[in-house]
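Below is one structure, written out as structure tokens, with a few remarks after it.
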Amino acid sequence: MANFSIFQPQIQSLNSALYNLTLVLLICFSFLGLVICGVIAIVKVCRVLVRGRRFKKHLSNFMFFHLSITDLIYRLVVVPGYLAAKYFPVGNRSELFCKFADTCLYTVYTAVFSSLVVIAFDRHQSITKPFQHLCRKPKFFRWILVVWGYSTVCALPQFFNDGIGTFTFNLADYSNSTYVFQICITTKDGASKKILAIFYFISGFLVPLVLISSAYSKIALFLWRKSRDRVLNQAAFKSRRRAFQMLVLIVLGFVICLGTPQLKELMESLGVVQVNAAVAITVLIFQLSSSLINPIIYSHYSSEFKHGLKNGK
């Protein structure tokens, strides 16, 4: 009778390798599915805003359109470039590419929250001072320059935070060969790394969040006071309140989806938590889900947007 016990270790090793490969492929296809669904959702939002030139009606619509375009660039250009620069091993890598990819990622993060600041203060003017808001004609592209200028300043220190590291891969069990690859790593250590992480978290995330919270708190206080005024047109009041609720949910969605990775980076830089693959995957899922959440919120709270989605107008 044949003895198959000598093949048992090889079979177990093969099963383990197949399981790991299946898990990796499942995660990759899930991420790809989120990216594709997100791109479709973004394109639909852009289509609704472009048709009828809705994005030119007021500053908030224009900044929502800008957010959608930024999200599209983030998914199709920034993230693939960042992942390729960070994790794809090559024999000879340009250090400038590493620095540029990291800086672009942080610039886009800040641009999202800076855009939300502009939207918050525009809505504050629209709800609390509607007549002044109608008479004012903002320069749309001036605000774009302000958003991207501030975002670049916040992210620029990250340019000096990245460099080249060496990754050694040994295949001694098979071909007795050793391969050396270059990957992007954080070169700053100790106090410098912590200072850069704290600076970006405060300027790129916390300051915009405080400004957004301040604007929406003022709107909430204004609506609460007006709710006690029976002379006010109740239909107009309900419309304003509904728009305010939509904006708050949008901000919360962005804070959870894009604020979580920034908090993770800060905690890792300060040494509070260790790098964990499961946490990294969860954070990436949050990031890729942002574009799926917002169209749902838009269509639920904005009848005009919902009508545009249904009729393609």
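Just so you know, glycine gets a Cβ as well, placed from its N, Cα and C.
Computed from a predicted structure; not experimentally measured.
According to TrEMBL, the features are:
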- 41-298: domain 'G-protein coupled receptors family 1 profile' (DOMAIN)
- 17-43: transmembrane segment (TRANSMEM)
- 64-85: transmembrane segment (TRANSMEM)
- 105-121: transmembrane segment (TRANSMEM)
- 141-160: transmembrane segment (TRANSMEM)
- 198-224: transmembrane segment (TRANSMEM)
- 244-263: transmembrane segment (TRANSMEM)
- 275-297: transmembrane segment (TRANSMEM)
Spatial neighbours of the transmembrane segment (105-121) far in sequence, C-beta under 8 Å, 6+ residues away: 59-60, 63-64, 66-67, 70-71, 73-74, 78-79, 82, 143, 146-148, 150-152, 154-155, 158, 200, 203-205, 208-209, 211-212, 215-216, 247, 250-251, 254, 258, 261-262
Which one, 141-160, 244-263, 275-297, has the most C-beta pairs under 8 Å toward the transmembrane segment (64-85)? 275-297
Could you check if the transmembrane segment (17-43) is in contact with the transmembrane segment (198-224), meaning 3+ Cβ pairs under 8 Å among residue pairs at least 6 apart in sequence? no
